[in-house]
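Have a look at the structure below before the remarks.
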Amino acid sequence: MEEKVEDDFLDLDAVPETPVFDCVMDIKPEADPTSLTVKSMGLQERRGSNVSLTLDMCTPGCNEEGFGYLVSPREESAHEYLLSASRVLRAEELHEKALDPFLLQAEFFEIPMNFVDPKEYDIPGLVRKNRYKTILPNPHSRVRLTSPDPEDPLSSYINANYIRGYNGEEKVYIATQGPIVSTVVDFWRMVWQERTPIIVMITNIEEMNEKCTEYWPEEQVVHDGVEITVQKVIHTEDYRLRLISLRRGTEERGLKHYWFTSWPDQKTPDRAPPLLHLVREVEEAAQQEGPHCSPIIVHCSAGIGRTGCFIATSICCQQLRREGVVDILKTTCQLRQDRGGMIQTCEQYQFVHHAMSLYEKQLSLQSSE
């Protein structure tokens, strides 16, 4: 069935253009799990001598070229920065900052990426479990699958992290990569294990290259003893909602799968209302689960860029409603503590600011009525 969502978010300002020398995370798929490279366009020219900054933004584990996880002053203080950085914005400050791409860019590059050194994982066969071989789950917060064989660490591995929510609440979300063929069963094992009521998918199946395998059935499939049945598909302008039932033995659960289709290929959206609508829909669905909702799974392709934008927007919307202020910098740092690289580019960081500026204006309009 086709439903139309009323566009009650007034997009008063277009998303400002990001300067062309923005840093772009260039993820290039290969036949097997893939690699990530970073193109730094004009970064050194803009900031002068910044060797440590270049090291932080480089692909982790690329020591052959003299970059990556080499010790630098920036890296030594990265953990402290992620724990302490904060910039509380009131309404007027938020609106001004959202329109200043140079200020946002400078702030973005101060935030350590907190990627994981691949050498931290010594698990044979791990390459088959990762879509991108340099985007790995931070060990302290990673999801561990229940395994019948404790001697086989690969069977408990999935590229996913628990993510804290508003006010540091534990395990509100799970950020994960888009499943590949070899991890579809693992993905559904995680859904069942974590009792997940909601999945948010923010990628197309292909965008020049494959970004995610189609891991849900047309009608019904069984994975690891869990019967997965699509009961209904609802099409809206910006997303598709699948109502799915999960059954194992006599236990049956409901699952809502939101597939956001309005994120354009290779860039960020030029309008914020579609994402704000999705955030609101997911919040309302989570509230229906009661005060102790199990983790919401969010994924794109690598599980850090668009995934980070969605989770940051959701957290910051809650903060604006409850406190009347927002701290996007602190939220980004919290996300990167839990999973490295969350909110992947300057352009995405700017988009989150624009979305929050728009959301604050909408809240102000509602309060004045």
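Note that Cβ sites are derived from N, Cα and C of the backbone, with glycine treated the same way.
Swiss-Prot lists Ser49 (among others) with the feature phosphoserine, giving similarity to another entry as the kind of evidence.
If you look up Swiss-Prot, you'll see Thr59 marked as phosphothreonine.
Per Swiss-Prot, phosphoserine is recorded for Ser72 (among others), and the stated evidence type is similarity to another entry.
The domain 'Tyrosine-protein phosphatase' feature in Swiss-Prot is assigned to 104-359.
As annotated by Swiss-Prot, substrate binding site applies to Asp265, Cys300, Ser301, Ala302, Gly303, Ile304, Gly305, Arg306, Gln344, with the evidence given as similarity to another entry. If you draw a 10 Å sphere around the CB of Gly303 (substrate binding site), it holds 28 other CB atoms from the protein chains shown.
Applying an 8 A CB threshold to same-chain residues 6+ apart, the list for Cys300 (active site, phosphocysteine intermediate) reads Gly178, Met201, Ile202, Thr203, Lys211, Cys212, Arg306, Thr307. Reduced to three states, the DSSP call for Cys300 (active site, phosphocysteine intermediate) is coil. The feature active site, phosphocysteine intermediate is assigned by Swiss-Prot to Cys300.
Every protein chain considered, the tally of other Cβ atoms within 10 Å of the Cβ of Gly305 (substrate binding site) stands at 24. Look at Gly305 (substrate binding site): DSSP puts it in coil. Taking the domain 'Tyrosine-protein phosphatase' (104-359) as a whole, pLDDT averages 97 in the prediction.
Max Cα-Cα distance over the annotated substrate binders (Asp265, Cys300, Ser301, Ala302, Gly303, Ile304, Gly305, Arg306, Gln344) is 16 Å.
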